[in-house]
């Protein structure tokens with residue numbers, strides 16, 4: 001496994017491979033990340049992973065400085081998983097002095113995480129576009145847990161004619177339903193016990209949908225009701241949106257819907273989602 005820190009180093013190492021799978025991460029890896037690596041390993045003869053805590057996707061009052069980092073542990077996990085190349089650039093390597101070009105999707109900034117975290121998806125789209133240009137992957141793997149990110153990346157690839165196939169991998173969960181996240185490490189014991197309420201709220205609404213409910217506001221109310229039963233949970237938003245446009249729905253049609261939410265437990269903010277398949281899909 002080669003560990004590379006500059007664009008020039010990576011491009012030189014990349015030249016040894018024809019087909020390459022790629023998993024972009026911010027490090028502090030968990031089984032959700034490793035599930036992406038495992039799928040990449042199954043589908044591609046070589047796999048690259050990036051570790052870069054991207055400052056441009058964090059807001060001024062967010063957790064960039066304290067975002068968990070453990071590079072040695074990450075490298076041991078990636079070596080054991082059979083990764084070929086690891087790209088760990090510095091902030092200066094990715095954003096040199098005078099950097100001034102960004103990828104912006106105005107529609108993404110108006111809904112869900114984009115509305116709650118101004119500028120977040122400008123940072124996400126820009127860094128992913130840069131990584132695609134540096135890594136030149138055949139396929140790139142993303143988790144369904146960050147549902148809006150997958151929509152943003154897919155649209156960017158389509159709009160900018162980027163020659164990479166995007167593969168979405170199902171969310172990996174703890175036995176009690178909590179979606180794996182690097183931010184789960186922030187939860188104290190009481191908050192950790194309360195956190196599966198996100199999964200329960202989503203599952204309850206999904207069960208109502210499976211039983212025939214198609215009114216979106218009814219499903220929002222179902223999710224809010226479950227969340228209200230957990231005193232530590234403070235919802236940021238609860239959404240029933242079109243799975244491609246992420247616009248809020250009045251009624252769920254043939255395309256199905258994305259159930260999603262962001263919930264705070266004191267200073268810890270967790271997100272989760274559940275994709276409702278459309279009729280006949």
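Using the three backbone atoms N, Cα and C, a Cβ is placed for every residue, glycine included.
The feature active site, proton donor is assigned by Swiss-Prot to 33, with sequence analysis given as support. Feature annotation from Swiss-Prot assigns ATP binding site to 26-33, 143-146, 172, 180-183; the stated evidence is sequence analysis. The feature beta-alanine binding site is assigned by Swiss-Prot to 57, with sequence analysis given as support. The (R)-pantoate binding site feature in Swiss-Prot is assigned to 57, 149.
Shown here: features listed in Swiss-Prot, placed on the structure.
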residue : record                    : Cβ contacts under 8 Å, 6 or more apart
26      : ATP binding site          : 51, 52, 53, 54, 67, 182
29      : ATP binding site          : 73, 74, 77, 78, 182
32      : ATP binding site          : 143, 145, 171, 172, 179, 180, 181
33      : active site, proton donor : 23, 25, 143
57      : beta-alanine binding site : 119, 120, 121, 122, 123, 124, 127
144     : ATP binding site          : 150, 168, 169, 170, 171, 273, 275
149     : (R)-pantoate binding site : 113, 121, 124, 142
Residue 182 (ATP binding site) CB neighbourhood, other CB atoms within 10 A: 19
Other C-beta atoms that fall within 10 angstroms of the C-beta of residue 172 (ATP binding site): 18
